[in-house]
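Colleague: Pasting in a structure now, in structure tokens, and then I'll have a few things to ask.
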Amino acid sequence: MTHYVKAWILALGLILTPAAASAQDAQPEAAATEEVAEATDAAASPSGLDPALYVPMKPTPGVGMPVQGGIDFQPQVSATGKQAKWINNAILLPIITVISLFVLALLFWVMIRYRRGANPEPSKTTHNTFIEIVWTVIPVLILLVIAVPSISLLAKQFEPAPEDALTVKITGYQWYWGYSYPDNGDFEIISNMLPEDEAKARGEPFQLAVDNRMVIPVGKPIKMLVTGADVIHSFALPAAWFKLDAVPGRINEKVMQIDEVGVYYGQCSELCGARHGFMPITVEVLPEDKFNDWVRANGGTVSGDETETDDGGEEAAETAEVAAAETTDGAAADAAAAAN
Ligand SMILES: [Cu+2]
């Protein structure tokens with residue numbers, strides 16, 4: 001009798017197990033539906049900013065991002081990038097190709113012409129002054145040809161920022177980026193990678209797209225101050241030929257100027273921990289007026305926008321400064337008189 005009871009309990013258990021399993025499934029499904037709903041909301045106002053001021057730009061396929069089967073550098077959108085790509089394609093690649101083919105031909109010639117069968121008595125020659133001079137001088141000339149454009153490019157990349165440059169401070173965190181704009185009221189943008197469905201919904205490449213982009217004006221030198229908050233990261237944007245390490249306790253500086261409006265993707269390029277591969281960079285380059293609108297949408301300030309109270313404050317500060325200088329002069333004059 002007892003084994004009947006056991007059999008019934010077992011049968012009941014078997015019937016209920018799939019039901020319990022599907023009950024467990026049901027919960028994540030509901031969560032997924034909520035996520036989709038959230039994603040749709042985000043698509044309606046993807047940036048979360050006032051759409052009258054800023055709507056994230058769609059990227060151009062193949063520009064500012066890696067392409068399937070690509071073997072060349074990305075199309076370059078900065079002056080240094082264009083020069084660097086030109087050096088690679090017009091100077092380095094042809095020289096490398098000619099040298100490789102020449103050495104290969106020499107190898108084949110030696111292997112065939114001087115093999116044991118064709119040349120049973122090898123020559124005992126050890127020196128040939130002419131050939132030694134040739135194989136020293138020609139490589140030196142080749143290196144000189146490469147050095148001239150490459151050193152000038154290096155110098156150009158590290159020229160100090162001009163007076164009118166816009167400063168952007170970039171901080172690498174484990175594992176996202178922060179962009180702050182000290183010239184525009186010092187607001188900070190926190191930039192995290194978008195989940196796959198959200199990136200797709202926005203028509204952007206997954207693992208390169210972010211929720212909040214770094215936005216800069218087109219054709220303007222940007223003074224990039226790069227630092228790390230925890231470990232060493234590296235800010236890299238291949239389309240702009242820009243890469244700079246983000247080191248904690250230290251600020252690295254380099255100018256970046258992008259001359260074409262668009263969306264460009266990059267990645268952290270210094271192994272920085274578990275989610276190193278998931279802290280992409282998205283830079284959106286806009287005309288100056290659109291950039292100013294984006295600053296305003298983020299609650300930042302644009303020079304020329306200052307309110308009257310601000311001007312009043314500045315004037316008051318200037319007056320105070322002048323007064324202080326006069327006092328100091330007066331005091332100095334008094335001291336001089338006393339000394340006399
Ligand atoms: Cu990193």
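Cβ atoms are placed via backbone N, Cα and C, with glycine included.
Annotation comment: TrEMBL describes 1-23 as signal peptide. The compositional bias 'Low complexity' annotation in TrEMBL covers 27-44, 319-340. For 27-46, 298-340, the entry in TrEMBL reads region 'Disordered'. TrEMBL lists 65-161 with the feature domain 'Cytochrome oxidase subunit II transmembrane region profile'. Residues or ranges marked as transmembrane segment in TrEMBL: 91-112, 133-155. The compositional bias 'Acidic residues' annotation in TrEMBL covers 305-318.
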Colleague: Using DSSP, break the domain 'Cytochrome oxidase subunit II transmembrane region profile' (65-161) down into helix, strand and coil residues and give each count.
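Modeller: Counting residues per DSSP class in the domain 'Cytochrome oxidase subunit II transmembrane region profile' (65-161), I get 64 helix, 0 strand, 33 coil.
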Colleague: What same-chain residues lie close to the transmembrane segment (91-112): Cβ under 8 Å, and 6 or more beyond its ends?
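Modeller: Result: 118, 142, 145-146, 149.
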